[in-house]
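Report on the following structure.
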């Protein structure tokens, strides 16, 4: 570990401060050394995702160099990475850096405090040459997997174990007698071995592959290989697994994206075909018990923390119980301002916990600008969405708390612990807060089990996103729990408006069997509809936020508003969306000028 400037050498890579996009270019590559430069405008910038990525590219006997200014005062320095996860505000992050420095000391990494003028990198040791032959562990899977009766195969391994090479060689072998396809998040992130065989084995982008499946233009009797499958939405993976006769998925445990055991737990739950998991454990890129790998694993809390630390224990619980938990969550948990933690332990073991953040209590002028579509400040996820998309201005003005995560140890789930956590959190934390919180909110990927869980906890459904989230493959649902008298009135208003609009929403036909709501089919315009249309025509409210009100206007007078027919379908098909929207706003503005 170097605390000074250093010049690059041939073959190495240099990452500057929080440049995650630069770091991602090196995924799947190998380098003799890497330099991570933490310096940023007189302070520091440490992006854990970027650090973990470049650490995973270093070959055996290679070195990671860290340029860190003012090591002794690191806890007091501003960290510009905090603006990503602290509502846009740059803060010092003392809790994380105390933890970080303790790990550096534990592993005994070398320090050198040097000036630019008197330093040169030491000579790099000769690198181990990569071998094309399979290890005994790889060879065993190579021979057994094609003969196994399971339809779905998941190959898991930490970085540097050769899972992509193994999968590539399997694909090459199978392609001699079978139809074989490859897919991944994008072609650019495929490891080099996959790219070398792509001319013989066709690659399909995931969305393109789904289109081929829908059009019945691709043979189901094929082997589909999915590289780094945890980076794709679970519903998409399940579609692939249902369609193809044989599917081989690879994914990285101890991943910089946080998709480790959580993926292995969640993925098999909805499979209808026989499934088998194969594991690679022996490192190929470096030696067993490599100190840098162990340091990164401990830094990202990939295993239960060896020493008592509230934040580390809580983060490990999240990583175990959640499909997507990232290093950014780790930084946020350690040092973000204005967050609430509530935990439940038994026999000195953390069993479950809730992570929540305050929202709302915004100035009326800012809330109005959010409603108009003119401001999008960071934070206030549910409050802003209800204000803008739900046409509920008060959502941003009232005081609320959003439950960001709830987690229970995987082996103890479905035993009522989650409901107990919610109840205790509201009774012990929320209802004791002064000034009193008006409501508690939660947002989650909409599925029947989760909807049922939150309803049993007393939450009421008030909003569903019109489109599915790319990261999860689900529509997002938002539910509220009233606390104050003002909150009671607001939640009743939000629920009534949601039920009034539901049958006209573009997603209703898809979700109606899941929703335990009998919608109120009301086509008559009210004042909120007119205000919504004015916000669309005269301000910057979106088509999605105004869609139901525009549909009511069309239904009220279809002869004079033919342009509003099938709005959602028009918008999805149209090429010049921006110009089309501006024309629609102009037409409605003229209409309002003569009718309102």
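Glycine is treated like the rest: Cβ placed from N, Cα and C.
Copied from Swiss-Prot, the annotated features are:
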- 138, 160, 161, 162, 163, 164, 165, 166, 167, 168, 169, 285: ATP binding site (BINDING)
- 406, 407, 408, 413, 414, 415, 416, 417, 418, 419: acetyl-CoA binding site (BINDING)
- 328-481: domain 'N-acetyltransferase' (DOMAIN)
Taking every residue in the domain 'N-acetyltransferase' (328-481), what is their average pLDDT?
94
When distances run from the Cα of residue 414 (acetyl-CoA binding site) to each of the binding-site residues 161, 165, 169, the nearest one:
161
If you measure residue 138 (ATP binding site) to residue 408 (acetyl-CoA binding site) at Cα, how many Å is it?
35
Whole-number Å only: compute the distance from the Cα of residue 418 (acetyl-CoA binding site) to the Cα of residue 163 (ATP binding site).
36
Look up residue 408 (acetyl-CoA binding site) in the DSSP assignment and report helix, strand or coil.
strand
Densest Cβ neighbourhood among 406, 408 (binding-site residues), 10 Å radius:
406
For the C-alpha pair, I'd like the distance in angstrom between residue 165 (ATP binding site) and residue 408 (acetyl-CoA binding site), rounded off.
35
Whole-number Å value for how far residue 406 (acetyl-CoA binding site) lies from residue 169 (ATP binding site) (Cα to Cα):
41
Expressed in angstrom and rounded to a whole number, the ATP site built from 138, 160, 161, 162, 163, 164, 165, 166, 167, 168, 169, 285 spans a maximum Cα-Cα distance of 18
Residue 167 (ATP binding site) to residue 408 (acetyl-CoA binding site), Cα to Cα, whole Å, comes out at 34
For the recorded acetyl-CoA site formed by 406, 407, 408, 413, 414, 415, 416, 417, 418, 419, which further same-chain residues have Cβ atoms within 8 Å of the site's Cβ center?
352, 412, 420, 421
Which has the fewest other CB atoms in a 10 Å radius around its CB: 416, 418, the listed binding-site residues?
416
Measure the Cβ-based neighbour count of residue 165 (ATP binding site), defined as the other Cβ atoms within 10 Å of its Cβ.
20
Simplified DSSP label at residue 161 (ATP binding site) comes out coil
Using Cβ atoms only, which residues of the same chain lie under 8 Å from residue 161 (ATP binding site) while being at least 6 residues apart in sequence?
280, 281, 282, 283, 284
For each of the binding-site residues (163, 169, 414), count the other CB atoms lying within 10 A of its CB, then report the residue with the highest count.
163
